[in-house]
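Below is one structure, written out as structure tokens, with a few remarks after it.
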Amino acid sequence: EDRLRIGITQNNVGVDSYQTTYETAFKEAAAQRDDVATVVLDAGGDVARQIAQMQDLIQQNVDAIIIWPTNGQAVVPVVRQAHNAGIPVVVTNSNIAEAGQDFIASFSGPNNILQGQYSAEMMCDQLGGEGQIVQITGQPGYTTAIERQKGFEDRLAEICPDVDLMESQPGDWNREKAQRVMEGFLTKYDTIDGVYSGDDNMGVGALNAAKAAGRADEIKFFGATNFAVGYEAMERGEYHGSVYQSPAEDARNALQTAIDVANGEDVPKLNYFDTPKITQDNMSEFEKPVF
Amino acid sequence: MTAQSSLNTQTGDTPLLQLKGVSKSFPGVKALDNVDLDVNAGEVHALLGENGAGKSTLMKVLAGIYHPDEGEIRIEGTPVRMQKPMDAKHMGVLLIHQELSLVPDLSVAENVFLGSLPKRSGLFVNNRELHERCGAILKRLNCRFKSNIPVKHLSVANQQMVEIARALVFTPKVVIFDEPTASLTDYEKVVLFEVIRELKSQGTGIVYISHRMDEIFELSDRITVLRDGQYRGTFATRDTDEEEVTKRMIGRDLESLAEVESPEPGERIIEVHQLGIEGEFRDISFDVHAGEVVGMYGLVGAGRTQVVETLFGIRKPERGTIRIRDELVHLSSPADAIEHGLALVPENRKEQGLVLGMNCRDNTSLPNLAEYTRMGWIDTAKETEVFERYQEQLQIKTPGWYQATLNLSGGNQQKVVIGKWLSTQPSVLILDEPTRGIDVGSKAEIHQLIRDLAKSGLAVIVVSSEMPEILTVSDRILALYNGTLTRVFKRAEITEDDLIRAITGQSADAASEPVASGA
Amino acid sequence: MKASLPMSNSSTVATDNRKRVLQFLGKHGILLAFLLCMMIFSLTTDRFLSTGNLLTVLMQVSILGTIALGVTFVVIGGNLDLSVGSLLSFATVLVVDLHDKVGPTQAIVLTIVFTLIIGAINGTLVGYLKLNSLIVTLGMLSAIQGITLIYTSGQNVDIQDQENTWFAFFGREAIFGIPVPAIIFIGLAIILQVVLLKTAFGRKVFAIGGNGVAAAFSGIYRNRMVFSTYLLSAFTTACAAIILGSRVMGSQNNVGQGYELQVLAGVILGGTSLLGGSGSIMRTVIGILILGFIQNGLLLLGYPYYAQWLVTWVVIILAVWLDIAAKRGRLLNDF
Amino acid sequence: MHAFIQSVKRQPIWLFIIACIIFFSFSNEYFFAVNNFQNILVQTSTIGLIALGMTFVMINGNIDLSVGSTVALAASLAVGLQGALGIPMAVVIGLGAGVLIGAINGLIVWKTGVDAFIVTLGAMIGVRGLVFVYTEEQSFYASNFAYSDFGMSSIFSLPVLALIFIALTIVAHILLKYTLHGRNVYAVGGNRKAAIEAGIKVGPHMLINFMLIGFMAALSGILLSTQMGASTPNLGRDYELWTITAVVLGGTRLNGGAGTIIGTLGGVLAIGILRNGMNLMQVPSFYVLVIMGSILITVLFLDKRLNVTASKGVQI
Ligand SMILES: Nc1ncnc2c1ncn2[C@@H]1O[C@H](COP(=O)(O)OP(=O)(O)OP(=O)(O)O)[C@@H](O)[C@H]1O
Ligand SMILES: Nc1ncnc2c1ncn2[C@@H]1O[C@H](COP(=O)(O)OP(=O)(O)OP(=O)(O)O)[C@@H](O)[C@H]1O
Ligand SMILES: O[C@@H]1[C@@H](O)[C@H](O)OC[C@H]1O
Ligand SMILES: [Mg+2]
Ligand SMILES: [Mg+2]
């Protein structure tokens, strides 16, 4: 038969709702197309396993591979291997390192540097240009986390030199961990004016801690990837800003890009989808996230 | 080592080995108190003492396993310091342990040459040489098993022979045997004695520890007696006798067992009918009455342990029935058996009898904790009281109830196990090899105890491999051979010859090596 | 070969003193370590010794600590339980998810029941089938994680109305200023310490861990006892999950990842022997507190979070070493 | 025939492997192909190399939980230092670090008498901390593609990594089975006290085995990094668990004293084949977790049933 065969190796399905919703949306989108068949795999967060899955996909000689990198650097050689085997590769959600850019057909996903910058801008804006803040980052070593942190820190220094970033600790995309980190911050610093978290899942953990300490009112909370819990907290006026990012769109975008690439069409190298700022002021323009 | 051993033709006045004023304490116990010992070349020097007298400790000091607190060791007149077991070996002192120290999965040859495997091109094991040399040693010991089978497939007796074979790899100056015959059959004992005599004739000094007087008088040239860690003199064997050394050892005369009266046949407590487990034993039928001691006699491997373990709910019988006070019972666990008034003093006190890390008291209360429990709480005062009662009755030597059983000598450990089972106040008491490794004094006490318990109305089953013991304590004797009950003797009708015939399958020379059962 | 003389008396005395010091350290070393640790931190950072901080730490360790109580029983019984991390994820997801579906009370009851069922599987495999506990609970670690993910189909779960549920009691409230999680942890610890030391159940756990065969020969149902210890560790894990679920009011599928090793680290730090047969709840609590204070103290000092791992490494080995050295009467092995 | 049954009994894992191969061959068209088998070999080489070392350590009666962290340390050093020192020197330092971690573990086990499980559990946590301190949580990548080309290259159309794994498997087999050191591995694991008293230098002997596994873990990490042309601080998480699983599936006794390299090879292949087959069949990842866990327990159960050591009828 002459259906296109597209393989995907995801980062870590089930680790949070974003990634899970992505997978569901991806499968749904694929099911609607009778011209494609997909091989859907998950690396469980392990680089080595992801490399093995890439090799297995190459072995099956699929028409295109989508990879959601567990790590932006470590998958470069195996992406190159696919490239050399004549299989086009689309990177999704989180880009791979500079060295691999020659071997991919396209990156499809959010612009995480930009997202970090957005958060810095919202923070700067709402703090009125000064204050003391802390940061809770995502999984160490994970490109999305690194890029958001970099975007945030660079932009903040640029536009808001008087906002003092006192400390950063990782929350591993995990709400409970973030809550514990925040509890530490709260003990340590008498004044905290703002918190930036790598995603809303962690942001809500930070909020929980501040509420328990009775200090939520003095703090402004910013995150990224607006989760349903973040959206609700924003409705209640407890959470102050995030970046709206739809996993379904992320998934559909990736699949479409891969199909185009496999069909030999021209696609832009950086195929970002839109991730706008969301704050208490404009939230009514957005639907509540499903995850 | 070989270079050194050529020196050992020194004059007779410098003993090969000399210990002077050796002392060694453990927390709460002075195990050795100023002990002297010397061993000459070509002599068998027996070491005698009650359980816990310090024999094993002394030997471990000699073998570099313990460091003495005080005192001096000289080898051929030179003071030496043994830091670790290897030092002792290098100086030509070899200890054959009371407890087996083999590597179960390695072959016989590898065990015999443990630590000194023959090499090829520096890196590889020379298997050919290994098995040739081991084969030669096994032949000298008259062992009939091959050198390439894993030792775990051997019977305990043969494992003991492997341990002994190690003594023949080198020509050590001194070999210490710590109760080597505890698990040997008569046949292997004879072979062992030949080996010892051969070593002796080559000028090796032998230290021989045993609780069996007959062996000591058969084998030794001199006897040193220890008592409570203290030196109690050395005697030339031919100038002394059993009575004297026993007296030195236990500090009093040994009372002979009160003449066994034929029991009033009391109520029938336990009745076993056609009991069997395929491949282990079959058609075992007997009964035991209150007030009666039934001995179970047979060679090692005859299946006695399996039978009594089945009675105690440890094994599930495939055939046959067990009745207690005429009631049919299905014992599916020791708890069941205890419930029915049974108690088993198992064969292996360290593995089956005691939680070694636990103290004496807690071990004692283990089988009937419910007795000590009030509304969920353990009444420790009562526990202590009960233990101390049995400590007194059985003369258990320990600084107190809180002592971990790990730190007791073998004999005292055995007494704790017996006390533990007596404390359940059973109506049937089963003892599997109750005096293995127990000194003559305690042994006599235990025999007396067994008789007394029977007299007080217990039904007692005693498994033993020692004929004198079986003859001393039993009213009736069941002879087992190869998993079958060959004959039942009444006390009055026993002759040693018949007994031996019965346990060897009618003819005495059929006493063949029991086939390996393990794995 | 060194020739040597009889040891002089003075050297014997010296050895004796050294032994006594060692024994003292072995017995109370963990307490000393704890105090030392507290002292260093309170001297180097002024925040450390504030009531607020101490209570925060107590609350933070309560989840880890509550699990460790049950695991201590498993370990004294001679086994390991590496599945508690996954089980914590499972139970937390369950209690949070059921909260909105069937209400808090039912959610709690059902969670405890289902968690006990998994504990019973562990217990059956290790107790009745006598399979090696390390491998069994490793397999269960993976399987339970999978079951959790299948149950939620990978989605986070959240409690919608966080403000108005009495479920908040377990993780978010305080009684006389003491956080409820800490009260649950310490309360359970006291109860279980009594169970371990004063009841037949506790005595039997020591016996099966010390020598399973001898225990069985003494009429103790070894299988049943092992089984019960796994039920107990499942139970304390369920309690921890209720605290955790209430604290976060939501759960990811992998919240408990890595807890098994931290729990084990705490238990070991408390001096419970991995061989079974010895250990104490009280010391497990101290072990867990030390881990908590190291983490907290270093964070307050501004070290990156992974600095605590290096310290934990050193502390674990020193603690266990002292313990062993005391029993041996010498610092070093000599083989 | 009898010998065959005996060896199956001793290593039921090979039966399991055959069953898996047959099953996957019939249910997936891509499975039974030379290329795929090469993939499997390359993929198992990572866990496989560590498992070779682990076999020595476990027969020895010890265990090493720190291998996963060592993998990350060696990979990070080998990649992180090659810019400044060149590839060969960086690799040597990476391997050296592995040996050093092994030596530290071994020395502690030897000198303090603390159980290896605890010593290496500590190291597992601590060395991971070390990796984070050194990398500051960053991934490193090899700017020189020659490095990753090596990991992807083939000789005689066989992947280099697979060849290295096979070669070292053979070396390990010979070392364990025919040398003096190998024989002592069994002796020390089977009865440590007896070995000590027989004069085997048990401490140094165990030290060597810990250094060996440290080396193997480092090598595994470095080879993995040549596949990735990079290193990540999280590399090797859970590897200790899968390695131990593989070794135990291969019939090595957890308490030491028994085991073989051939069995271990079977263990790692079984895991590799399962993962590969399930990938090809697209088994959803949640179910993979359940299946892997259940299979692990089932094999353990079968192994126990096949090798009943207890005597007959014992019911306690
Ligand atoms: N490691 C130890 N710790 C504490 N006490 C010990 C230790 N080893 C031996 N003892 C004590 O030292 C004394 C001597 O024990 P030893 O084993 O030397 O006796 P033995 O003469 O060999 O007895 P048996 O005939 O029963 O084997 C006993 O009281 C024993 O309890
Ligand atoms: N070589 C061995 N290694 C391990 N266990 C053994 C070995 N030989 C026997 N056993 C076990 O030890 C117990 C006693 O077996 P043994 O061969 O001594 O038979 P027995 O007749 O019961 O012994 P005894 O005559 O000493 O009472 C049994 O449980 C048996 O399975
Ligand atoms: O929450 C994270 C999301 O923000 C990112 O885009 O993808 C990974 C997720 O874990
Ligand atoms: Mg002795
Ligand atoms: Mg027997």
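Using N, Cα and C of the backbone, Cβ positions are placed for all residues, glycine too.
What TrEMBL says about a protein is an automatic prediction, not a curated fact.
Record features, source TrEMBL:
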- C:21-42: transmembrane segment (TRANSMEM)
- C:54-75: transmembrane segment (TRANSMEM)
- C:82-99: transmembrane segment (TRANSMEM)
- C:105-127: transmembrane segment (TRANSMEM)
- C:134-154: transmembrane segment (TRANSMEM)
- C:174-197: transmembrane segment (TRANSMEM)
- C:227-249: transmembrane segment (TRANSMEM)
- C:261-294: transmembrane segment (TRANSMEM)
- C:306-326: transmembrane segment (TRANSMEM)
So if I exclude everything within five residues of the ends of the transmembrane segment (C:227-249), which remaining residues of that chain have a CB under 8 angstroms from its CBs? That is, six or more out. 62-64, 66-71, 73-74, 76-77, 79, 81, 84, 87-88, 90-92, 94-96, 99, 108, 111-112, 115-116, 118-120, 122-124, 126-128, 158-159, 162, 167-172, 180-181, 184, 188, 201, 205, 255
Taking the transmembrane segment (C:54-75) as reference, the highest number of CB pairs under 8 angstroms among C:82-99, C:261-294, C:306-326 goes to C:261-294
Given the transmembrane segment (C:306-326), its same-chain partners at Cβ distance under 8 Å and 6+ residues beyond its ends are 22-27, 29-30, 33, 265, 268-269, 271, 287, 290-291, 294-295, 298-299, 332
Below 8 Å between Cβ atoms, which of the listed ranges C:82-99, C:174-197, C:261-294 makes the most pairs with the transmembrane segment (C:134-154)? C:82-99
Top partner of the transmembrane segment (C:105-127) among C:21-42, C:82-99, C:174-197 - counted as Cβ pairs under 8 Å: C:82-99
Beyond the flanks of the transmembrane segment (C:21-42) by at least 6 residues, Cβ under 8 Å: 48-49, 269-271, 283, 286-287, 289-290, 293-294, 296-297, 300-301, 315, 318-319, 322-327, 329-331
